[in-house]
Amino acid sequence: MTMRQAAEAQLLNPHCDLGEEGLRQILTDVIEEVRQSISLDIDGGDVVHSLLNASWLQSLLKVYECLQRFLGDSPAPVLNNATGVLFQLLIDVRALQACSEDAKELCHLLRQPHLQALLSAHDTVAQRDYGPVLPPMPDELPDDEEATRTVCLVKNNQPLGATIKRHEITGEIFIARVIHGGLADRSGLLHAGDRIIEVNGFSVGGMDPEQVIHVVQARSQGTIMFKVVPITERPVHQEMMLYVRAMVNYNPQQDPTIPCADAGISFSKGDILEIVDQTDALWWQARKLPSDACCAGLIPSSSLLKRKQRELWWSQPYLPHACMHILSTVEEEEDLMAIDDKFMEADEETFESDELREENDDFSSNSEGIFSAGFRRSLRLCRRRFYSTTQLPGHTRCPSNCSALNVPYEEVVRYQRHPHDAHRLIALLGPSGVGVNELRKRLIETNPRLFQGAVPHTTRPPKGHEEPDRDYHFTSREIFDSMIYKNRFLEYGEYKGNLYGTSIESVKDVLSSGKICVIDIEPNAIQAVRTHELKAYVIYVKPPTLERLRESRKTAHITTTYYVNRPFQDEDLQEMEAAAQKIEAQYWQFFDHVIVNDELQDTCAQLLTVVNKSQDEPQWVPTSWIRPNTQL
Ligand SMILES: Nc1ncnc2c1ncn2[C@@H]1O[C@H](COP(=O)(O)OP(=O)(O)OP(=O)(O)O)[C@@H](O)[C@H]1O
């Protein structure tokens with residue numbers, strides 16, 4: 001039999017005799033064989049060799065062998081009353097007339113307390129006398145006697161972690177739920193469904209829940225004693241790991257329907273919640289992350305929240321059709337735009353020349369000659385002016401995703417991008433004028449080999465200096481329309497009779513080239529970029545306070561629908577603030593990160609750090625991106 005056959009036989013029948021040499025011999029043989037593999041240059045051989053040669057493994061095997069030998073010997077105690085023998089010996093020796101020195105020394109040793117304790121322990125083990133001793137069952141038990149349990153909990157200024165309810169018909173008081181990680185839960189002695197008979201010696205018969213709570217709360221510290229009739233069939237609690245992103249705000253103190261407001265937890269849009277218990281169809285238990293609190297709290301279940309939304313019981317009603325809401329925002333903005341006759345109205349040429357200037361700047365700042373597409377102003381202008389109003393009826397991007405906006409909790413998982421996977425799309429957004437384009441441009445300039453914008457599509461003819469598929473994808477109106485129809489645009493719009501748009505393919509082209517695609521989007525395109533294939537990391541650029549805006553934008557220029565590069569006016573800054581508030585109210589839950597654009601240099605540095613983290617560190621993403629067909 002070869003060495004390997006011997007080893008395999010041993011594996012198949014671990015009880016077979018290892019032979020004189022034992023495991024160590026087999027190991028020696030294995031080492032020899034591995035050594036030969038190394039000389040033959042077999043892959044991984046040297047790793048296995050060093051592993052098998054490790055001294056800790058050799059020692060472990062030695063211990064294993066000893067244990068095996070010990071088990072094989074099946075040791076049994078010679079006697080199980082060594083203590084009795086000891087005392088008998090002492091009596092016998094004392095009864096002797098003349099006692100030798102040896103006998104005296106033996107008596108002295110046998111009287112030592114530690115020796116007696118050792119023999120007593122020996123007897124306990126030999127007699128296997130270590131199980132609990134239960135009191136004898138009473139001879140006669142009345143048939144209708146209920147088994148009660150007395151539970152003592154030591155309360156130390158912390159809540160009990162359980163809620164109670166009264167049975168509607170019998171008026172009996174029951175434990176309604178036990179809060180995960182709370183005092184009652186940690187004790188393991190109280191369970192949902194247990195019937196409470198007494199609290200601290202007071203019978204709760206005839207009391208209403210408030211009175212019972214009063215008795216419990218009368219002691220903020222010390223022992224609380226419950227006498228309960230335990231529930232007979234306890235539901236099996238399944239441990240689960242479910243994480244969700246809250247899509248709404250919730251405050252238990254403002255919710256009259258919550259069974260116990262103090263047991264509830266508040267959360268805001270975008271918070272990540274760990275759901276620890278979904279046993280109750282209406283009220284789940286959850287922890288808000290990051291959290292070091294062991295105790296969970298009550299939150300409304302997904303179905304309850306949906307019902308609340310429908311019934312508009314919400315203090316701040318969640319708007320189910322965000323896409324429609326943004327349309328009205330745009331119209332409102334249009335109304336707010338006052339034409340300032342101190343500045344000349346911009347025509348397309350003015351924009352184009354401005355655009356060209358930007359482009360030249362880009363080239364001059366890029367010593368390596370890498371072109372960064374996407375600094376196109378016309379797209380931003382047509383977005384601002386025409387977004388949504390020019391889309392073909394029934395073929396916008398939003399309605400297909402709109403149902404996602406109705407989900408109060410979005411199931412999420414921790415996602416760590418594999419270094420070989422495509423990068424995540426970086427989508428920047430913010431109120432007009434806050435600096436989204438400036439930041440995007442500067443980010444790309446930091447490393448044009450890594451960051452790139454998406455090449456936009458347009459139906460306008462190319463200009464002399466423009467190169468097809470580098471500056472724009474120049475397409476016919478028919479092709480553009482068919483792409484709209486097939487939902488191939490993340491967003492698009494019309495400006496001065498020409499269509500402009502950012503296609504999904506353009507973004508994918510950048511991603512599949514191994515680069516990080518950086519685009520700026522309008523808020524209503526968020527749903528279009530939050531997909532399995534683009535895995536967008538959405539960064540919201542937030543304006544600082546009005547005071548700081550006035551300070552930091554003193555020398556900055558704004559491009560509005562009507563004017564190119566005019567200095568910021570106070571109304572512009574106020575409009576920016578108002579627009580920011582609207583965006584935040586509607587879309588905050590979708591932001592992966594929020595950057596306040598105060599000092600430009602600082603913001604750029606922060607942006608670079610965040611973008612790197614978005615690619616290299618684990619992030620919460622919708623579960624549907626990783627496991628399709630998942631919904632709460
Ligand atoms: N932190 C900042 N401090 C001072 N000026 C800034 C800052 N951020 C941006 N700016 C300037 O503000 C002006 C507007 O910025 P930008 O064009 O990037 O806005 P935007 O958010 O892209 O708006 P829009 O999409 O409406 O053009 C630019 O002149 C830009 O240089």
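The backbone N, Cα and C atoms fix where each Cβ goes, and this holds for glycine too.
Nobody curates TrEMBL annotations by hand; they come from automatic prediction.
Copied over from TrEMBL, here are the features:
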- 75-133: domain 'L27' (DOMAIN)
- 150-217: domain 'PDZ' (DOMAIN)
- 239-309: domain 'SH3' (DOMAIN)
- 423-612: domain 'Guanylate kinase-like' (DOMAIN)
Helix, strand and coil counts within the domain 'SH3' (239-309) (DSSP): 14 helix, 25 strand, 32 coil
Rounded mean pLDDT for the residues that make up the domain 'PDZ' (150-217): 86
Helix, strand and coil counts within the domain 'L27' (75-133) (DSSP): 38 helix, 0 strand, 21 coil
Secondary structure content of the domain 'PDZ' (150-217), with strand meaning DSSP E or B: 14 helix, 25 strand, 29 coil
